[in-house]
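S.K.: Okay, these came from TrEMBL:
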TRANSMEM  12-30  transmembrane segment
TRANSMEM  61-83  transmembrane segment
DOMAIN    85-372  domain 'FAE'
TRANSMEM  219-237  transmembrane segment
ACT_SITE  Cys227  active site
ACT_SITE  His307  active site
DOMAIN    395-474  domain 'Beta-ketoacyl-[acyl-carrier-protein] synthase III C-terminal'
ACT_SITE  His396  active site
ACT_SITE  His400  active site
ACT_SITE  His429  active site
ACT_SITE  Asn433  active site
Amino acid sequence: NRSRLLASLDASTMVTSLPLSLLAPVYSFVSSHRLSLAAFPFSATAALRLTAWLYPTVSSAVHHCTPLYAGLTLLAVVLVLYIRSTRVRAVYLVDYACFRPPAALRVPLSKYIEHTGLAPCFDDKSVGFQSRLIERSGFGEETCLPPACHVIPPEKTLKAARAEAEQGIFSAVDAVLAKTGVGAEDIGVVVVNCTLFAPTPSMADMVVRRYGLRSDVRCFSLSGMGCSAGIAGIGLAENILQCDSRCTYALVVSTEILTSDYYSGNERAMLLQNCLFRMGASAVLLSTSRARARHAQYRLARVVRTHAGHDDRAYGCVQQEDDAAGERGIALSKDVMPVAGDTLKAHMTTLGPLVLPASELLAYALSLARRRLLLMAGQKDSSKPRVPDFRMAFEHFCIHAGGRAVIDELQRGLGLSDKQVEPSRMALHRFGNTSSSSTWYELAYLEAKCRVRKGDRVWMVGFGSGFKCNSAVWVCIRSPVPLDSGPWEGCMHRYPVAAVQRD
């Protein structure tokens, strides 16, 4: 008994030690060919009967196989019923909308610098630091700040923060409901994400009250998750839609409220948030309805999330804290970029086997095997390690517009062209860093430029505090024909702006 127990433990240890990435191709094959696998018993039965009809000499032998026919038929019925009961319902992007702040709230660079100089909370060094930072930010002259931030000193009240939230969220939700014609009574899931502002009642409750959603609606408010929370919200909504057949539509809202957390101190690590973040919000409507699938533009292929919170450096590189004077803000350490690079590498290790073609996976595996063999032989490989080419997996890239440094590093690391990162740079120039909603402004840019075609794959990737790297893969199932340019209406003809491509 002891030997059997030890053997079973060894076997379980071997199974659990297998990397999940090796099982991904098997799972992908089975899920993609589940109907063919279920139809195999029927095909085998038909083949046997056809053989008996064509060759009467074996008819007597086939006649004795009647129990086999019955067994195969029963097996086929069981397989079909099992597959139907466990089938994962596809999630479709019905439509989305982005909030476009009014022109009265725009903050030209000169106005921001002047406003900072007049604010009594900043000393001369802080004013100079913010001036240099904003001039190199990659922002244009039309980024916007909430009304409370136009006041000197800023009005950091709960009332002003709620007003900012209602303006952005309700505008985006109104737009997406008007575009889709979906009634409030049809929405079964509401997910609202905002990192810094977490009022009571929650912002998800604000949406329920405003639109009179039904009493059994499932509401979630995500906070403190950083700029990757939008994709996490998509993944949460996907799981609920696939598990609960009563929920057909899910509304996912992404925003960032700047009023209540405007930093009024002089710590350089905390002043970055004032310079980088701007107003923005998006509302996304997802559905598992087959009727809606005929009109949807995208199908959600997969959501992949990577969390590096087990590492102290990653956990503390983006932290909300009080400075020495008691002013609260978001401190960004110098480890942000190295941590983002390490987390992205771990994320790509998980994502790669799920999206890369077999030829690229084989080439990467051979390159890795070659390096290991040379290492075992005591020789050094002078060539650079092969990096999987993700351009073979996606046609379009929506990289979170967290700043010029983030976009530059991802472009360099993934070997992307200027045109492939153009949506991120232009969204940063026109709207600034709108946190978790930025990827939707980038998708709107691609659609306004009529670059997305049926069959194209779009990769959305974002980074967040904690430290997290989340990504969503969308497959275009119907070429978008935008009736307008969405948030880019009235300014699309001015883009791309060549001056900020690679400054």
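Every residue gets a Cβ built from N, Cα and C, even glycine.
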S.K.: Within 10 Å of each Cβ, count the other Cβ atoms, then let me know which of the active-site residues Cys227, His307, His400, Asn433 comes out lowest.
M.R.: His307
S.K.: Quick one: Cα separation, Cys227 (active site) versus His400 (active site), in Å?
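M.R.: Cα-Cα distance, Cys227 (active site) to His400 (active site): 8 Å.
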S.K.: At a 10 Å cut-off from the C-beta of His429 (active site), count the other C-beta atoms across all protein chains.
M.R.: 24
S.K.: What counts of helix, strand and coil residues does DSSP assign across the domain 'Beta-ketoacyl-[acyl-carrier-protein] synthase III C-terminal' (395-474)?
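M.R.: Helix, strand and coil residues of the domain 'Beta-ketoacyl-[acyl-carrier-protein] synthase III C-terminal' (395-474) number 35 helix, 20 strand, 25 coil.
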S.K.: Using His307 (active site) as the reference point, find which of the active-site residues His396, His400, Asn433 has the shortest Cα-to-Cα distance to it.
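M.R.: Spatially nearest to His307 (active site) by Cα position is His400.
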S.K.: Can you tell me how many other Cβ atoms are located within 10 Å of the Cβ belonging to His396 (active site)?
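M.R.: Summing over all protein chains shown, His396 (active site) has 19 other Cβ atoms within 10 Å.
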S.K.: Cα distance, His429 (active site) to His396 (active site), nearest Å?
M.R.: 19
S.K.: Rounded to the nearest Å, what's the C-alpha distance separating His400 (active site) and Asn433 (active site)? Just drop the number here, would you?
M.R.: 8
